[in-house]
2 protein chains.
Amino acid sequence: MKLQGPRGTRDFYPEAMAWRRRLEDAWRTVSVRHGFEEVDGPIFETQELYKIKSGDGILSEIFHVRHPQGDAEFAIRPEFTPTLARMVAARANGLPKPIKWFATPNFCRAERPQRGRLREFWQWNVDIIGAEGALADAECILVAVDLLREFGMTSQHVVVRISHREVVRQILLRLGVAEEKLTEAFELLDRREKMEHDAFVESATLLGLDGAKVERFLQMCRRRYPVGEIDHLARSIGMEEGFESLRELEEQLIGFGIGDWCAYDLGIVRGLAYYTGTVFELHEASGMERAVAGGGRYDKLIELFGGPKMSAVGFGMGDVVLTNVLQDKGLLPEDVTPQPDVFVLASSEAGAGSLRRVIADLREAGVHARFSYKSTTNVGKLLKEANQSRARFALLLGDAVSDGEGELKDLDTGDQQVVKLAGVADRLSV
Amino acid sequence: MKLQGPRGTRDFYPEAMAWRRRLEDAWRTVSVRHGFEEVDGPIFETQELYKIKSGDGILSEIFHVRHPQGDAEFAIRPEFTPTLARMVAARANGLPKPIKWFATPNFCRAERPQRGRLREFWQWNVDIIGAEGALADAECILVAVDLLREFGMTSQHVVVRISHREVVRQILLRLGVAEEKLTEAFELLDRREKMEHDAFVESATLLGLDGAKVERFLQMCRRRYPVGEIDHLARSIGMEEGFESLRELEEQLIGFGIGDWCAYDLGIVRGLAYYTGTVFELHEASGMERAVAGGGRYDKLIELFGGPKMSAVGFGMGDVVLTNVLQDKGLLPEDVTPQPDVFVLASSEAGAGSLRRVIADLREAGVHARFSYKSTTNVGKLLKEANQSRARFALLLGDAVSDGEGELKDLDTGDQQVVKLAGVADRLSV
């Protein structure tokens, strides 16, 4: 018998778990210092909740959940936004604005497992609700950038690609796409990198974008301008309409000092009716990996979930792609499992008699203290185990325990000195 | 439209979430200092995995999960032990012994929600695998006790009730229960507090325990002896067999200095074939609440999951009962949401121009810094918002920002002084 976990999920043995915690702690620390408060919802929700945002199509992409005696249709959460929208809608009036929330939960999606995409993953969600204007968009981007800086990344490693639904809408209208075909055009645009060129051209023609217009459009998508050069971008497109919000965003990003991380990329679309303004993705500079993070403004969603009309902007960052990128850049910390402060060992019978109490007292005082399960007083063997545990110190308990004394050995330097057991916790917790 | 989360689950708004994190952090901190390493598994597993330990009956108690295009039967995890056993079995040979693991995940059970019991809950799991002998049992109990101490609880608040499967087995044999009826007798014993007295007596009689013997048995279950008085316990039962392990455990508990937290209670059974030796439950002293934690020794389980023969002992502690007990004792911390270090505000146009950069720099330096989304330089209004945020300091940016200076106001004392912006992060992160 060889039992395995479900396909596309992970078993977190201690080393992998320590890294997951390190990442979650970084998400949390960065969120908190940017003034966000943590929230969470249930691991499963009604399927209805997901249909509100994504339609019936979502049912083929989520894990279905059922109470053994119930008939309600639930699903393991595939994303956080519907839960967030439900929670905001339920207490919209009582919460101080803007609402700045983050979450770091796990999600499941019924997708084919592949590089950068698993069936169970952890995702950091950062959202600002109830603040119109580009300041909130820029603050979200600042938070994402600050997380990357926390792991030693720079603007050489990652680019924030920024677009705006209104700019793209104006371009499509100019190229002759009818108002009623815009949704379809956005959908097509979103799928373009997954399509054959010919199929894309054919679909585009049906939307009123003939050959030359398609080429012109693709050209616009390929053009990149750094943030700070929005005039060049507008001029290259030959259009002023739709740029107001993007200009305001540029000013805010520069105000926060992160203009050098950001570039315009009109090819970033990110889904459909959901986003209403700024959209952005963080990509590894070479563009080879999936997006490290992505988000944008969604001003109509809270209302859709039964809340008042409230503007909103946010992003998600998954653990899988981020870990891959950190690894590729040589920035993944090696072994982040906790290091013991001390390994306590008995070198005599008297020492063995006191060992448990010394261990219990040290731990109660906050010291990470280990001991051997081998019943031996062979100091050589025990010191070997102490070294394997990566402890900073070994505390040797011999006959002097009756005088309240032991010997503290620095396992790096080998220095050894007699210490009073009563004071050793203070010394070790420094 | 009023959308709600599924029955028996919780939405964690910031204050509730901050408490959950505080609790999880305590679980983690205590586990680590006792030398345990954190692990985790998938949120769903195959139903097969749960049937190995609990039989087909488990299917009526778990949430069923299905991939929309698949036919495999999964379930949201109702407990951690099967995942743990699977993970240990898969790498049993490569892992240093004893394996000391902990986990703090969420679980779902299809139960009727009631006080102390929800459909989604968080549970701390602590296990030692590969160490025979009562030292490991005692270390598990020590860890549980240390967690309670971390929240200010004492042996006046909580009692560790201890029993041993072998002692109870010997008692039942002595009372005339046939060897082949022992499993049924344990099951009956486990259900006794949920049964009418008459129904219990009737079932007991069928197992060979007539009226007088039942009374004698129930009397034994009601008798409590503190740890340290095992001789009294044995004498009161009139039996020496089966006490060897319990005597060893007593010695270890006293060695760790936690004898005063523990008492013998032969009425503690905890399930069925699963446990093989020591069993224990931590109960609020009055006995009014469900168990705060429970566990015991399960020496046959790793083998059952395809691993080698390995002894094991562990316990689980849920978030719901613990929180209820802390609340009842007045030990639940009030508001544990993070307090901002500083609220930065602009008192002039020049200050407003610098504010975003000051904010970004402070946060990058690790300072929890907030600002107002209101576009005003009205210091009175802004200080009011600063106070509402519970920030320790306000940093006022006026025209002196051009000289790299601001004013730092202590929001508790009202003290205010001119500071260099370049050094303010160091000062605030102290």
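Heads up, the Cβ atoms here are built off N, Cα and C, so glycines get one too.
According to TrEMBL:
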DOMAIN    B:1-338  domain 'Aminoacyl-transfer RNA synthetases class-II family profile'
BINDING   B:GLU79, B:PHE80, B:THR81, B:ARG109, B:GLN123, B:ASP127, B:ARG270, B:TYR274, B:TYR275  L-histidine binding site
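Recorded features from TrEMBL, shown on the structure.
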| residue | record | Cβ contacts under 8 Å, 6 or more apart |
| --- | --- | --- |
| B:GLU79 | L-histidine binding site | B:PHE107, B:GLN123, B:GLY316 |
| B:THR81 | L-histidine binding site | B:LYS53, B:ASN125, B:ASP127, B:TYR298, B:LEU301, B:GLY314 |
| B:ARG270 | L-histidine binding site | B:ASP190, B:VAL279, B:GLU281, B:GLY294, B:GLY295, B:GLY296 |
| B:TYR275 | L-histidine binding site | B:ARG165, B:GLY296, B:ARG297, B:TYR298 |
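Mean pLDDT for the domain 'Aminoacyl-transfer RNA synthetases class-II family profile' (B:1-338) in this predicted model: 94. Between the two most distant C-alpha atoms of the annotated L-histidine binders (B:GLU79, B:PHE80, B:THR81, B:ARG109, B:GLN123, B:ASP127, B:ARG270, B:TYR274, B:TYR275) there are 21 Å. The Cβ of B:GLN123 (L-histidine binding site) has 21 neighbouring Cβ atoms from other residues within 10 Å, across all protein chains displayed. When secondary structure is read from DSSP and collapsed to three states, B:TYR275 (L-histidine binding site) falls in the coil class.
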